[in-house]
Amino acid sequence: MAMIELGFGRQNFHPLKRKSSLLLKLIAVVFAVLLFCEFLIYYLAIFQCNWPEVKTTASDGEQTTREPVLKAMFLADTHLLGEFLGHWLDKLRREWQMERAFQTALWLLQPEVVFILGDIFDEGKWSTPEAWADDVERFQKMFRHPSHVQLKVVAGNHDIGFHYEMNTYKVERFEKVFSSERLFSWKGINFVMVNSVALNGDGCGICSETEAELIEVSHRLNCSREARGSSRCGPGPLLPTSAPVLLQHYPLYRRSDANCSGEDAAPAEERDIPFKENYDVLSREASQKLLWWLQPRLVLSGHTHSACEVHHGGRVPELSVPSFSWRNRNNPSFIMGSITPTDYTLSKCYLPREDVVLIIYCGVVGFLVVLTLTHFGLLASPFLSGLNLLGKRKTR
């Protein structure tokens with residue numbers, strides 16, 4: 001009787017062992033693909049990015065000096081979903097992608113300052129105080145950074161509303177979290193951060209206040225370029241003498257994206273669509289005011305979710321920064337800038353493509369299905385089928 005029970009136990013042991021072996025294989029494959037697609041792929045993509053080289057010597061005709069280089073990252077249009085729009089899985093997926101991309105970039109590239117060019121949130125224009133607090137908490141978790149890295153943010157239309165939706169409460173709510181700073185100087189470089197939503201030019205209270213602030217910034221910049229101690233500038237501290245870098249959400253006026261090119265430019269069928277002033281781009285008048293008041297050497301903007309490079313007046317370059325989120329484009333990216341008081345060089349760093357990640361997942365699912373069916377004898381092993389076919393050909 002004991003021998004019969006022992007034999008019965010051995011007969012059941014082999015199927016259990018085979019099932020355990022299959023389960024371990026499935027778990028190992030799933031773990032490996034999750035590790036690669038959710039973590040390692042970001043290191044693989046961003047590891048290929050390097051800070052661009054920039055000339056670090058400046059000469060005033062008499063002597064040559066070595067200038068400090070500021071490493072700055074520029075990204076735009078993160079569009080964190082709120083409580084109304086978007087499926088929870090969409091929110092989870094896109095926010096995880098941005099968090100991993102940002103944290104990986106911080107670790108590998110070690111920037112000194114990061115600028116986000118508006119539309120931080122998707123529903124800031126209508127979110128309740130409770131929803132706003134939740135959105136801010138998620139943003140601060142996703143874009144957490146060491147104390148030695150500065151994070152600067154400008155407002156976009158989804159953060160405070162389009163001009164007709166904007167009000168003092170929304171603007172102050174945004175500035176309470178992200179500061180109302182308009183002028184930021186570091187390592188001899190001036191950055192002017194503009195609330196471009198408030199440049200409608202219709203004399204609204206917020207618009208008038210914004211223009212007054214910009215005129216004051218213009219005055220300070222002009223004083224920095226004049227002889228030290230000028231009577232019209234007063235006794236206060238002077239800014240660095242370098243021409244500023246202008247940062248805003250709306251692009252300066254351009255007719256369309258017809259002259260834009262590159263793999264992350266707008267789709268070809270959309271490039272000739274005319275832009276609406278104060279909706280897609282700033283008005284022609286507001287753009288001329290900014291260029292006249294600030295005399296920037298470089299402009300960076302967001303809003304369009306696509307890349308474009310244009311030159312205003314043939315001399316002032318503007319770069320539209322593509323969206324940082326998979327929700328807005330399949331191939332998100334950010335800009336890396338090596339900037340000195342007299343020069344700058346920019347390069348683009350591409351994040352993993354969403355379609356590549358989805359193809360990997362679909363391929364692995366197919367592989368696991370084939371592996372499972374083969375294991376239970378429901379599908380002939382492709383390897384064995386190949387050997388049998390090869391054997392038949394040899395016998396002929």
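Keep in mind that glycine also has a Cβ here, set from the backbone N, Cα and C atoms.
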Further divalent metal cation 2 ligand in Swiss-Prot, beside Asp119, His249, His305, within candidate set Asp77, Asp202, Asp355: Asp77
Residue among Asn157, Asn222, Asn331 sharing the divalent metal cation 1 site, where Swiss-Prot lists Asp119, His249, His303 as binders: Asn157
Where Swiss-Prot places motif 'Di-lysine motif' among the ranges 17-21, 392-396: 392-396
Least Cβ-crowded entry, counting other Cβ within 10 Å, from the binding-site residues listed as His249, His303, His305: His305
Divalent metal cation 1 site shell beyond Asp119, Asn157, His249, His303, criterion: Cβ within 8 Å of Cβ centroid: Ala76, Asp77, Leu117, Gly118, Ala155, Gly156, His158, Asp159, Ser196, Val197, Tyr250, Gly302
Cβ packing number for Asn157 (divalent metal cation 1 binding site), 10 Å threshold: 21
Integer Å distance between the CA atoms belonging to Asn157 (divalent metal cation 1 binding site) and Asp119 (divalent metal cation 2 binding site): 6
